[in-house]
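Chemist: First the structure, then my questions, so here it is.
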Ligand code: NAD
Ligand code: MG
């Protein structure tokens, strides 16, 4: 890889976005930023524009984009400011962009991530929600348009690194028995079960090992994150649910493993820092410096493993159920989860209502096949409405 890679970063002001820019900053000879996008953080976006001089900066919101434009003009930068979902799609598919980092959080990421795949880009996928909502449809688009998908999620990146180079989506054909998906167990792994009703958003967001955005931090506390990752692994690696075993590994040093039929288990290890999978995918197939400190085995000293407890983590059970049911169910699970997490973070309902809301919404809908992205968006919107209705009902009772 000698030529410069031109990059669009969707969600550049988030946790993954900032880590991506940290890696870019270490390799001005390898990467150039063409476009950055964000929801509403103008100050951070302006600072990023000053540092990385992108051709485009997109804010979702028009009023925020107008404010950013004024600030950009005052700074004398020649970045063009755009707004709206169509502009996110546009910068994800610009002809001279090679690589798209898909790092918007939640269902909001699906349209630009689809646009990048449709344009045949190298898609670095952090936005796992796209695969959860639209796995089959998205994988078909990737194939049809000759896009390349590399996983940023640390577990899937670790699995990718532990699979044979010529894997081709055939687990049994390559002598693979199982994928072992590691999980930290989050901040409430050992908390008394009856204390969970009272946990606060701040406690749920205080992850023991990883520093991440608020939505994925709550997902880690409920272990819905692992459930979404089981679905993600299913689509990325063509793995049946029974071939994906979740293993609780509290130190987050082993980022996942692949078990072969001869008894070999291959793993990828490292300090829990997202710059490792980001640098791996950005430089692929070459290895590049990421700024992550070397793993000190003597300091780690011990590695622990536990079975996941579905009673403590009902969201994990719901995710397996959605995957087994298939069709629209994972999209319904995802939509209900997003409303549930948002309602918990806004202190409108307790932590323990998260699985209750999701289960209720899953039970509300019939299983139905989805054919297109617009079908997926409709399922998503209906499931969100059902989740909000349920919240209204329980708040009335309370
Ligand atoms: P974050 O909340 O820190 O950042 C989200 C980014 O998306 C921000 O730039 C924000 O401006 C943008 N955004 C939010 N809502 C938007 C909307 N409606 N339209 C357009 N842009 C919007 O999130 P994060 O932790 O960086 O996570 C991003 C994605 O990466 C998620 O899908 C998450 O599951 C995945 N992921 C994150 C980590 C991590 O360590 N943070 C690890 C693995 C996977
Ligand atoms: Mg992960």
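Including glycine, each Cβ sits where the backbone N, Cα and C put it.
Note: TrEMBL annotation is automatic and uncurated.
Not my notes, these are from TrEMBL:
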- 13, 14, 15, 16, 41, 127, 129, 213: NADPH binding site (BINDING)
- 128, 154, 155, 184, 207, 220, 225, 226, 229: 1-deoxy-D-xylulose 5-phosphate binding site (BINDING)
- 153, 155, 229: Mn(2+) binding site (BINDING)
- 7-135: domain '1-deoxy-D-xylulose 5-phosphate reductoisomerase N-terminal' (DOMAIN)
- 149-237: domain '1-deoxy-D-xylulose 5-phosphate reductoisomerase C-terminal' (DOMAIN)
- 269-385: domain 'DXP reductoisomerase C-terminal' (DOMAIN)
Chemist: Suppose you look only at the domain 'DXP reductoisomerase C-terminal' (269-385); what would the mean pLDDT be?
Modeler: 98
Chemist: List the same-chain residues at least 6 positions away in sequence whose Cβ sits under 8 Å from the Cβ of residue 207 (1-deoxy-D-xylulose 5-phosphate binding site), in sequence order, or say none.
Modeler: 184, 186, 187, 217, 220, 221
Chemist: CB neighbours of residue 153 (Mn(2+) binding site) within 10 A?
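Modeler: Here the count is 26.
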Chemist: Relative to the Cβ of residue 127 (NADPH binding site), which residues of the same chain, six or more apart in sequence, are found under 8 Å away?
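Modeler: Set apart from residue 127 (NADPH binding site) by at least 6 residues yet with Cβ under 8 Å, we have 10, 11, 102, 103, 104, 105, 106, 109, 110, 113.
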Chemist: Relative to ligand 2, which of the binding-site residues 15, 128, 153, 155 have a Cβ found under 6 Å from one of its atoms?
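Modeler: Among the binding-site residues listed, those whose Cβ sits under 6 Å from ligand 2 are 153, 155.
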Chemist: Using other CB atoms within 10 angstroms as the count, which residue among the binding-site residues 14, 213 scores least?
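Modeler: Looking at the binding-site residues 14, 213, the Cβ with the fewest others within 10 Å is that of 213.
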Chemist: Residues with Cβ closer than 8 Å to the Cβ of residue 155 (1-deoxy-D-xylulose 5-phosphate binding site), same chain and 6+ apart in sequence?
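Modeler: Listed in sequence order, they are 181, 182, 229, 233, 255, 256.
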Chemist: Can you tell me which of 155, 225, 229, our binding-site residues, come within under 6 Å of ligand 1 at the Cβ?
Modeler: none
Chemist: Taking only the Cα atoms, work out how far residue 14 (NADPH binding site) lies from residue 225 (1-deoxy-D-xylulose 5-phosphate binding site), in Å, as a whole number.
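Modeler: Computed Cα spacing between residue 14 (NADPH binding site) and residue 225 (1-deoxy-D-xylulose 5-phosphate binding site) is 17 Å.
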Chemist: List every residue in the same chain as residue 16 (NADPH binding site), at least 6 positions away in sequence, whose Cβ is under 8 Å from its Cβ.
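Modeler: Correct list: 101, 103, 126, 152, 213, 274, 278.
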